[in-house]
Amino acid sequence: MMKRRGKINIRAAVLPMMVLLLALALTGCSESEANRMKENALIRPIKAVTLSRSGENASWRFPGAVRSLRDVELSFRVGGPVVALAVDRGEKVRKGEVVARIDPRDFEVAVATLSANLAVSRAQLKEAALQYKRYKTLSAESAAAQATFDSIIATYEVAKASVDAAEKRLEEAKNSLDDTVLIAPFDGYVHEKFIDNHETVAQGQPVISLVDLDHMEVEVSIPEGMLPIVRQIGAIVCRFDALPGETLAATVKELSKNPNPSNRSYPLYLTLDGNRDHRIRPGMASEVTLTALNREVGFCVPETAVVNTVQEGTFVWVVDEKEMAARQVTVELLGASVSGLRIDGPLEEGMQVIAAGARGLTNGRKVKVMPEASPTNVGGEL
């Protein structure tokens with residue numbers, strides 16, 4: 001009986017220890033699994049693109065606005081009643097053609113009056129010149145008092161000044177008479193009429209606006225980072241919202257030296273090559289594609305890869321492949337490319353830029369690059 005009781009006591013002592021060891025083992029496994037799950041939860045799955053220099057030339061797209069190289073408002077340099085307005089809206093006029101006339105009668109009277117005044121002044125000068133010549137001889141022979149000769153000289157000088165003034169007044173009157181005729185300064189189209197015939201206009205009041213549709217240009221705004229690239233721009237293609245399918249080539253005319261104060265972009269002016277049918281009109285919206293002959297200008301990335309905030313500016317997230325963590329890199333946006341956004345900065349070919357899953361990332365956050373889906377991987381099981 002004593003031997004059987006001893007065996008029972010040993011079993012009773014070992015059983016709790018086994019339960020305790022099993023519990024500890026289970027607890028250790030649970031904590032390890034929890035830590036592993038917690039760590040996995042902190043790893044952000046992302047999609048990335050690898051930076052590469054494609055064999056294509058770099059290109060950008062910008063919105064633009066069409067304007068005429070010559071778009072002027074014509075006005076008279078004198079005022080008066082308009083007696084002839086010979087053009088209508090949309091009408092083509094040739095250089096040197098009469099556009100409008102002001103009643104010239106008052107100006108003709110002024111010219112006649114000043115012509116008569118000039119004749120009188122010239123007669124007075126002629127008489128004063130004779131007196132001057134006569135008294136100059138007498139003064140040399142001491143036959144005339146010096147005071148008298150001085151008076152003759154003064155009269156002669158006044159007569160000369162009077163003639164000069166009369167000639168200038170007559171010239172101004174003739175110019176005013178000529179200015180009663182408004183002439184087209186170049187070939188163009190009447191875009192707008194601001195007055196009607198027989199209205200009285202003031203000096204400088206617009207009469208018509210004249211637009212040269214043969215010579216058009218497009219204005220676009222480019223970022224500061226593109227300034228060194230302007231000279232490398234080769235092909236320029238302009239498309240127009242109002243004319244689907246219509247394209248025109250263009251060339252760089254000039255780059256403004258002064259940036260737009262609101263966004264620090266620089267106006268770039270492009271001359272359109274051709275517009276013979278005059279379908280392109282001022283004010284039309286245009287989409288301009290600029291292509292640079294330099295293939296080493298920045299990198300093209302998806303629009304979703306570029307982040308812009310007021311506090312941090314423009315940046316992208318790159319994958320630190322050693323740490324498999326996200327790293328923020330400040331970049332400069334060069335513009336919209338035909339296949340995304342073109343950026344430049346401390347980037348190198350082969351870097352991975354996060355294109356999806358970047359929202360809420362922080363520096364050092366662990367990431368996992370998800371593979372691109374295979375077109376034959378139905379269900380995502382491969």
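Every residue, even glycine, has its Cβ placed from backbone N, Cα and C.
Broken down by DSSP into helix, strand and coil, the domain 'Multidrug resistance protein MdtA-like barrel-sandwich hybrid' (71-211) contains 69 helix, 35 strand, 37 coil. According to TrEMBL, the feature domain 'Multidrug resistance protein MdtA-like barrel-sandwich hybrid' maps to 71-211.
Feature annotation from TrEMBL assigns coiled coil to 156-183. For the coiled coil (156-183), the model's average pLDDT works out to 96.
Taken from TrEMBL, the feature domain 'CusB-like beta-barrel' covers 218-292.
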Tertiary contacts of the coiled coil (156-183), as residues 6+ beyond its ends and Cβ separation under 8 Å: 74-78, 80, 96-104, 107-108, 110-111, 114-115, 117-118, 121-122, 124-125, 127-129, 131-132, 207
DSSP residue counts for the domain 'CusB-like beta-barrel' (218-292), split into helix, strand and coil: 9 helix, 41 strand, 25 coil
